[in-house]
């Protein structure tokens, strides 16, 4: 019964996705020495200074899709996003995930609402559709309904907990726009696979049409990764954003 005493936050509505790099072992040199062990054995020198030959090797590996050398770079991200984004993210069974638990802690009343840049109207059939701007009336209705339902659901959640109902049962009432937090650990090869389908770029060999919210998440991750492994990222771009 004490769990009902731990609600200290007022409800918050946000329109952003946050991504933070927690730790990493990721550099372009990881790719180089991992690949060269194939021909040089234990005589591979590990260095962060890349030669033109090293950069050429990275490009070759990407172009010919020799992927395993890209698996030796790892990154751990802390991500805060609405639950529906995580459900899409975790379809990529190529990373390690640990998420905030609604069984073991009271969930905070932080909810996602789209900003005014979010296109609202779907035109066309599944697999061949596009999104267009909605009207101000549609946007106003959406935000009003989302806020009202989010607050009502959270009030019910608190009442259920106050009556002694277990967290893992009470959480069933909460909506998908509730924010959660997770840690994701992923290697560079798997990350490129994720980016190839969760971002939309004109230079992609295979065009993808991700939901806007997970693309916002992917964009932030890619910007961090680009800073860690710029030559690998450049090769990824050059080869049409196809994961090796």
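We count from 1, first residue shown onward.
Each residue, glycine too, has its Cβ placed from N, Cα and C.
Computed from a predicted structure; not experimentally measured.
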FAD binding, same site as 91, 92, 93, 99, 187, 188, 189, 193 - Swiss-Prot member from 51, 68, 136, 150: 68
Matching residue for the dUMP site, where Swiss-Prot names 88, 89, 90, 91, 99, 100, 101, 102, 103, 198 - out of 53, 159, 171, 241: 171
Three-state secondary structure, residue 99 (FAD binding site) (per DSSP): strand
Among 92, 103, the most crowded of the binding-site residues [Cβ within 10 Å]: 92
Binding-site residues compared (90, 188) - highest count of Cβ atoms within 10 Å: 188
DSSP-derived class (H/G/I helix, E/B strand, else coil) of residue 68 (FAD binding site): helix
Cβ neighbours within the same chain of residue 193 (FAD binding site) - under 8 Å, at least six residues apart: 92, 94, 243
Rounded to the nearest Å - Cα separation of residue 103 (dUMP binding site) and residue 188 (FAD binding site): 32
